[in-house]
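Record features (Swiss-Prot):
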- 487-504: compositional bias 'Polar residues' (COMPBIAS)
- 186-238: domain 'HAMP' (DOMAIN)
- 471-504: region 'Disordered' (REGION)
- 1-26: topological domain 'Cytoplasmic' (TOPO_DOM)
- 48-163: topological domain 'Extracellular' (TOPO_DOM)
- 185-504: topological domain 'Cytoplasmic' (TOPO_DOM)
Amino acid sequence: MWWFRRRDRAPLRATSSLSLRWRVMLLAMSMVAMVVVLMSFAVYAVISAALYSDIDNQLQSRAQLLIASGSLAADPGKAIEGTAYSDVNAMLVNPGQSIYTAQQPGQTLPVGAAEKAVIRGELFMSRRTTADQRVLAIRLTNGSSLLISKSLKPTEAVMNKLRWVLLIVGGIGVAVAAVAGGMVTRAGLRPVGRLTEAAERVARTDDLRPIPVFGSDELARLTEAFNLMLRALAESRERQARLVTDAGHELRTPLTSLRTNVELLMASMAPGAPRLPKQEMVDLRADVLAQIEELSTLVGDLVDLSRGDAGEVVHEPVDMADVVDRSLERVRRRRNDILFDVEVIGWQVYGDTAGLSRMALNLMDNAAKWSPPGGHVGVRLSQLDASHAELVVSDRGPGIPVQERRLVFERFYRSASARALPGSGLGLAIVKQVVLNHGGLLRIEDTDPGGQPPGTSIYVLLPGRRMPIPQLPGATAGARSTDIENSRGSANVISVESQSTRAT
């Protein structure tokens, strides 16, 4: 035994990469860490340069003080020994190579190549850092050389503490940035999370409820756009469901009647069954053919409506004069007892050829249906401005009451008087759909206001442009209007351009 059940929809595939929240948080951490590192290097470099510059200034000041006091010349040994009570090391080298030194406990003033060059008189002054000391050597005017150094251990201790402070403060800054970035990202991406949950909800349950909108930023606009999409999807589903329901209702009546007639025909042809009179058989067969024609028309209308709802149209330049001519020929084959007064211009619409043809055909069919035998139907296509033309289809029928003029464009709507005539109630609905899809407008007015009958005129505003008029050989400026009554039979057609012009 086979059991059928509804297939559950596959869940949305989870991505293996980092979430947007984590990516934003990591980006914030990286940026803050980069800024902290750059600032730490800058602070360290500035403070280090300042401390070492201060040491150089201290050594320079101490040397100038010794030189200016004159003690080096009067009693160099005592002068140098006096420096032992300060925080520097000193050495005086006289021209006779007598050396006086005073050094801090545990320290030795280093003498290198730079200092020896000063002693030999090759350099006037030198500065260098060596063996944790900063050394200054100066050549005096009497030929002596003064060497002074200071330990860098206190400075290095300060710099070491500064490094730890910068490391700790930078780490705290990165951590705070990570926490703050996570909080801001979580709050900022909350609308995105709601959108994701709504999309997953729609995929799982077909629930099209809108999402609450908070604020007026970009994410709020994204939420509003998503809500618009949900509303459009809900309207599309509602139209689809209504179309299926209405189509089922409209198809049921002709199908039931057709089935009854076919069963009656089959029963009358069964062996031993009573035969129907010949005229009844003829009427029954004609009724079956009429019902089949009605079903074909209804199915065609439904296909056109669903095609327009789905947006399955190919847009191309369309010559409306040619559309009117072709539609007129089709209507005349069904109603050759109607006189058509047609006045058209060469107008080009960028749109769907099949849809525009069906729109024009339905308007003329509707006007012919409500016109008495021998009546007149007017079809006029005229230019209103540089980018708009107006198609008007008029009849002399009973007219449409004002309260029903909006309803006649609804699907399957049929007034009480229209139910006695053939039709599915979809013709003007298709007209409305095609016109709106092409950016046009519709309105209904009486052909003869106050007249009996008033008639009906349907006005269609179509955007487009005037078609260029090619000059034919031998044509004169006045030959702009051609009466093609003979080519139309009973149709009286007056065209602004000649028939041959529109056919090109």
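Going from the start of the chain as shown, residues are counted 1 onward.
Just so it is clear, glycine is given a Cβ too, placed from its N, Cα and C backbone atoms.
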The topological domain 'Extracellular' (48-163), counted residue by residue under DSSP: helix, strand, coil: 54 helix, 30 strand, 32 coil
Secondary structure tally of the domain 'HAMP' (186-238) (DSSP, helix then strand then coil): 40 helix, 0 strand, 13 coil
PLDDT averaged over the residues of the topological domain 'Extracellular' (48-163): 82
